[in-house]
Amino acid sequence: MPKNSKVIQREQSHEHVTESVADLLAHEEPLDYKSSSLNVGAAAGKKVPQIEVPENDGRPAWNSKLQYILAQVGFSVGLGNVWRFPYLCQKNGGGAYLVPYFILLLIIGIPLFFLELAVGQKIRRGSIGVWNYVCPRLGGIGMSSLMVCGFVGLYYNVIIGWSIFYFFQSFQYPLPWSDCPIRKNGTIAIVEPECDKSSATTYFWYRQTLNTTSTIAESGGLNIKMTLSLLVAWIIVCLAVIKGIASSGKVMYFSSLFPYVVLFCFLVRGLMLKGSVDGIAHMFTPKLEKMLEPQVWREAATQVFFALGLGFGGVIAFSSYNKIDNNCHFDAVLVSFINFFTSVLATLVVFAVLGFKANIMNEKCVAE
């Protein structure tokens, strides 16, 4: 016991001891629980590592909570919401598919999403660092998630390259996919036979854009237009992440909010088309017998994982730049419901266009 403790002072002064138990315990030296016989790991001769993760470890932080939320929304919302969800909804009974998806979102999606947020925020490392912290032997899981993100980034950038090419082509008038091209053979002008057999949009996509070959064995050479578009896509991505979250956080204001502006514009335009209401009515007409099929529930669970980006490592990486006392439970619920709302919004847009297309095809069939 230290010489300057109150107990020693009382014994030397011969005063009546009135120290309370709290006073005595407050001045006792702290017990080393690692060397205590009550510690099972220490008693067995095993070392129990205790790694402290300081909050102020020099790791960058988000400038605002809004940037962080937009980053999580931008990571989770993608083609899985805009196209895959409407496809699964149409395939698995329309509105009946929304029920198992919402149930599995509450039971599986939100808890696992919250777990990744909490782990990244507490340990303040990326996916590889988190798994090495949990157990060094599980570090391969973090490497696997990094490889998956790399593969996803490769084909996502190809789609961005297509979008860039389509964007620049849309400035022409008339639009190159509005009519089939005319081929001149001397003094005779005929419609391109390949386009006449299919359609103007199909010909523009497969011939003018991709210039596809008849078999996969034929490479077809280098497509200069698509190569330049892909190069522009990678340059945009590099400029967005070159300074880490300091640059990518600012990009989130555009990349996360602009798709919603486009979706709302498409929805308004789709609702103005003839037959769009029929398509939306078909979406919300549930085929309840589909809910009894296990395949529907399996695909709903797969979509929950794919839509929220669970297991990819991006959720952990984004949350690692948060303060350690951030309310990640609220973030998990908020981002999950925004994700679900985006899926429903995109499904409305797609089914409105499908209703219009079905109406046009029906009128054409009746006329013929």
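Here the Cβ of each residue, glycine as well, is placed from N, Cα and C on the backbone.
As recorded in TrEMBL:
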{"type": "TRANSMEM", "residues": "68-86", "note": "transmembrane segment"}
{"type": "TRANSMEM", "residues": "98-119", "note": "transmembrane segment"}
{"type": "TRANSMEM", "residues": "146-168", "note": "transmembrane segment"}
{"type": "TRANSMEM", "residues": "228-246", "note": "transmembrane segment"}
{"type": "TRANSMEM", "residues": "253-272", "note": "transmembrane segment"}
{"type": "TRANSMEM", "residues": "300-321", "note": "transmembrane segment"}
{"type": "TRANSMEM", "residues": "333-356", "note": "transmembrane segment"}
Using a Cβ distance cut-off of under 8 Å, indicate which of 68-86, 146-168, 253-272, 300-321 has the most pairs with the transmembrane segment (98-119).
300-321
Would you confirm whether the transmembrane segment (333-356) and the transmembrane segment (146-168) meet the contact rule of 3 or more C-beta pairs below 8 angstroms, pairs 6 or more apart in sequence?
no
For the transmembrane segment (146-168), sequence-distant contacts whose Cβ falls under 8 Å of one of its Cβ atoms, 6 or more beyond its ends:
78-79, 127-128, 209, 225-226, 229-230, 232-234, 236-237, 311-314
